[in-house]
Amino acid sequence: MFDGYDSCSEDTSSSSSSEESEEEVAPLPSNLPIIKNNGQVYTYPDGKSGMATCEMCGMVGVRDAFYSKTKRFCSVSCSRSYSSNSKKASILARLQVTGKPPTKKAKVLQKQPLVAKLAAYAQYQATLQNQAKTKAAVSMEGFSWGNYINSNSFIAAPVTCFKHAPMGTCWGDISENVRVEVPNTDCSLPTKVFWIAGIVKLAGYNALLRYEGFENDSGLDFWCNICGSDIHPVGWCAASGKPLVPPRTIQHKYTNWKAFLVKRLTGAKTLPPDFSQKVSESMQYPFKPCMRVEVVDKRHLCRTRVAVVESVIGGRLRLVYEESEDRTDDFWCHMHSPLIHHIGWSRSIGHRFKRSDITKKQDGHFDTPPHLFAKVKEVDQSGEWFKEGMKLEAIDPLNLSTICVATIRKVLADGFLMIGIDGSEAADGSDWFCYHATSPSIFPVGFCEINMIELTPPRGYTKLPFKWFDYLRETGSIAAPVKLFNKDVPNHGFRVGMKLEAVDLMEPRLICVATVTRIIHRLLRIHFDGWEEEYDQWVDCESPDLYPVGWCQLTGYQLQPPASQSSRENQSASSKQKKKAKSQQYKGHKKMTTLQLKEELLDGEDYNFLQGASDQESNGSANFYIKQEP
């Protein structure tokens, strides 16, 4: 083991923004045609001169067909782009020019005459591809997981909590005091040499290491990813012919370093000899570019579309909708996500499906084998089962921080359910969404009350505080039986206060620094560090959208730092504006209107089969222990 001993002595984009114009658009006659997204011409249906202009792309359209309560954006895409890119870029550019933070009334786009706005929309369509390529996430400059954890005495969730992550099922007993061989950076030799170090603290994949011989001296302690290519079990140097050289700072402490190592390492633990091989194997993913899948339509959750795998990073897939000619209309999710399915899944269970304009497969594209997708738990629907009209509580997929009063609108095949949020449903069911009966995102009546979670009542319901017993009597409804919900609770290992890396499911291309703030059986409340609590998300403990600390570094994915550290120079101004922008983003994630659905039906692209739906959040089973009302 010691034959190797040798006694020789490491942005965001910015763009300029014009000053605000005070020119307002005059009200238009009710018979004036309004240009819509699909290029067709429509007239405002009720004769009012209600119109709106998208603050992202400048498109003019019917106000009631616009996105969000404030009707500021024409689509969820513009809402997201505005909040995560354009507004931030404009703010930074204005800061560079004036040196002063923008006022609360600062806007990204000028208020322009109608003709100018239509021209802006045409230009936007022509430059959409280039705009998408220049989108940039928040810079990681200045953020270090190690410093963040050390300076605040944080604790990270262990790798074993994440079964879908690399090494999640074969992490073993890697813990503090485990010894490894690592490069010696405290050395003046021209060649790369190694020394032995012990794990002082473990945070996900990251380990705080201390060279052997430093005892209680933390002066040269350093953080590294334990799954990195330069981390080896003790004995690797001897087997590989690499020299072990003590750090220069302590080289004078002992004359016989070989004897020192023998004494220190006798009985000590190290990594398994095949550790690096296991890491490599656990990072092999069956999904490959050019595979075709069916995935939820990010703009209309009630249906699926065909998409093609563009890239695979750490098991996360960048899917491009098949009819996207410029390859910018994409969607991010994990390969185990319940949002993706094999080709033909929608037809087989009766899910609404948007037919692609592509009549045949493009060269090189092929259907993904069905066995690669996550399997849902089999259920028996022959006996007592969910019925249409039954009430329950469900996480709103368009506002993941809330659990709402909901209704089963349709019972589908293979245990899938179509669910609507009470008080905010479209008459045609265009805003229904799909959960599996075993989904961790649905709960029986009374779940929130028993677990002291705020339940969001139906919109417009005035009899507050909300009481289920009264509501069921007023609506003539019954509650879904408790026994139909899945009560399994895995020993997940999460604890309140643990740090992790989590997907912002309202902007799924982003993975952020996050904290577990509440645990209700298997349900986790995830808080994004630096953001207000209104942006928290309820997530299942087995969700593939949660990752250990260091996952982004290991896979090469970009991590979003806490909002308060995204820009030290403009912390007081930029951080506040970014939070405001994200607030608009969340307000923008609302249900599409009946008018929008009718426009799409004109294209004949929607097909509603006899039965079926997709599981939006089925990462496990819902969990509760409650008593039913009499």
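Our numbering is plain: 1 for the first residue shown, then up by one each step along the chain.
Backbone N, Cα and C define each Cβ position, glycine as well.
No curator has checked TrEMBL annotations; they are predicted automatically.
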Which listed span TrEMBL calls region 'Disordered', if the choices are 1-31, 63-93: 1-31
Per TrEMBL, the range holding region 'Disordered', considering 355-377, 608-630: 608-630
Helix, strand and coil counts within the repeat 'MBT' (255-351) (DSSP): 22 helix, 35 strand, 40 coil
Secondary structure content of the repeat 'MBT' (353-458), with strand meaning DSSP E or B: 10 helix, 37 strand, 59 coil
The repeat 'MBT' (466-562): DSSP-derived helix, strand, coil residue counts: 19 helix, 31 strand, 47 coil
Helix, strand and coil residues within the repeat 'MBT' (143-247) as assigned by DSSP: 16 helix, 30 strand, 59 coil
